[in-house]
Amino acid sequence: MVGALFGCWFRVGGARPTVVQTFMSRSQVALLGLGLLLLLLLYVGLPCLPEQTSWLWGDPNVTVLAGLTPGNSPIFYREVLPLHQPRRVEVVLLHGKAFNSHTWEQLGTLQLLSQRGYRAVALDLPGAAVAFLEERAHQLGLSCQKVEVAPGYVVTVLTWPGTNPSLSSILLNSHTDVVPVFEEHWSHDPFEAFKDSEGYIYGRGTQDMKCVSMQYLEAVRRLKVEGHSFPRTIHMTFVPDEEIGGHHGMELFVERPEFRALRAGFALDEGLANPTDAFTVFYSERSVWWVRVTSTGRPGHGSRFIEDTAAEKLHKVVSSILAFREKERQRLQSNPHLKEGAVTSVNLTKLEGGVAYNVVPASMSAAFDFRVAPDVDLKAFEEQLHAWCQAAGEGVTLEFAQKWMKPRVTPIDDSNPWWSAFSRVFKDMNLTLEAEIFPATTDSRYLRAVGIPALGFSPMNCTPVLLHDHDERLHEAVFLRGIDIYTQLLPALASVPALPSDS
Ligand SMILES: [Zn+2]
């Protein structure tokens, strides 16, 4: 069951090409039209199949390439090239309700077309995740609302109404996109939801965060089947682009009237696995600051002692920032009570400049990825960055590619009734909970920034942190236990008595 649940939509989202093809730049509309036309041509022109078995099994010698089209709304595809003599027509195979590019490969269609001299491309058109969720909503008897927050970016909302509509609602958030894979480093196909003999389910998204999406849905299904209803409405939101910053998803969604109409009083979102017996819950996040420092100076011949070079000044800034990094690193290492999210991290991630060995460049730049702890005074910290640039000399400036300025902390004491309800479930189930600051970013930051208390929680204990890694996997027992946990959590949260904030 678990494999089937994951298999449904693992191939939705962003796998980076294992083999990048550049021919896919034509528009989706053109592809659709071409596909329909060529399917018709094929229907008329394809010779009879010699026997059914070759259609079903395909040719093992055919290489099926996979990748993503470039651009803002990438489309996942699988492609075969003509195995022998090429024919003039090319074939585009489109996904339907039950068919995606994987199905075309499994059936042997791609391989067969390759054998017959056709170049064939099977597309997983965007929207497969949304179609899957619509289907689930139908099965579960939930309403399904689709909000296109930016062209091609849809937030899907499944709603289980509560018995007291005057109360604020519970929002269960998850994202449907995933990060790329490097298939050659995987033990199993990362989009196959392969389960090994020990019960580990391999797949991109098993930890981040298809597991949680499915656990929400399954917990709601169980509670509904058992005939429960709760005072507060439960909304499940599925957002499209968390992995690339949420700028075309949650960041826009929280500003829309459809979001305000949800009247969310409390939200759950993603967390991280915990390798120990405990579960981790995240109550805040560090602020992401991407900073580019540009240094300008006197150019000249590489053989001379030129004064005031860009490199010397950039070196000073890099030294200041790396010294700060070391201080924070030691602060973390010397205090066993501090977790990574509680200190500020920084890494030098790009160095650019120069054109030739013997030319001193007039400009050089360095890029830094800062993750600023939520208790840092951001204004003072920015002044510190400028001071490091100024101290390096004239002509050293900085600019921000990302600068989050709204860090928020969800209280984790009894002043917060949501926390009380959440943590009591863990006490009752005799499970250990460890509260931390999320070291990176999630869409929770947008929810907290508009005043909604949010906890980041993915129910994965005894599990190594493998999100974004090769061989991302989750044990089926941990996955199933997670459903049990949500089956306890949802009634507790959806039954929190009326609060002053509800009115
Ligand atoms: Zn995630």
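Using the three backbone atoms N, Cα and C, a Cβ is placed for every residue, glycine included.
Residues annotated as transmembrane segment in TrEMBL: 29-46.
As annotated by TrEMBL, Zn(2+) 1 binding site applies to H175, D208, E270. Annotation for H175 (Zn(2+) 1 binding site): spatial neighbours M209, F238, V239, P240, D241, E242, E243, G246, G249, E270, D443, criterion Cβ-Cβ under 8 Å with sequence separation of six or more. According to its DSSP assignment, H175 (Zn(2+) 1 binding site) is in a strand.
The active site annotation in TrEMBL covers D177.
Feature annotation from TrEMBL assigns Zn(2+) 2 binding site to D208, E243, H468. Sequence-distant contacts of H468 (Zn(2+) 2 binding site), defined by Cβ-Cβ distance under 8 angstroms and a gap of at least six in the same chain, are V179, D208.
Positions annotated as active site, proton acceptor by TrEMBL: E242. Using a 10 Å Cβ-Cβ cutoff, E242 (active site, proton acceptor) registers 26 neighbours.
Annotation comment: TrEMBL describes 283-393 as domain 'Peptidase M20 dimerisation'.
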Using the Cβ centroid of D208, E243, H468 as the reference point for the Zn(2+) 2 site, which residues of the same chain not in that list have Cβ within 8 Å?
V178, V179, G205, M209, L467
Among all chains shown, work out which of the recorded positions D177, D208, E243, E270 has the most CB atoms within 10 A of its CB.
D208
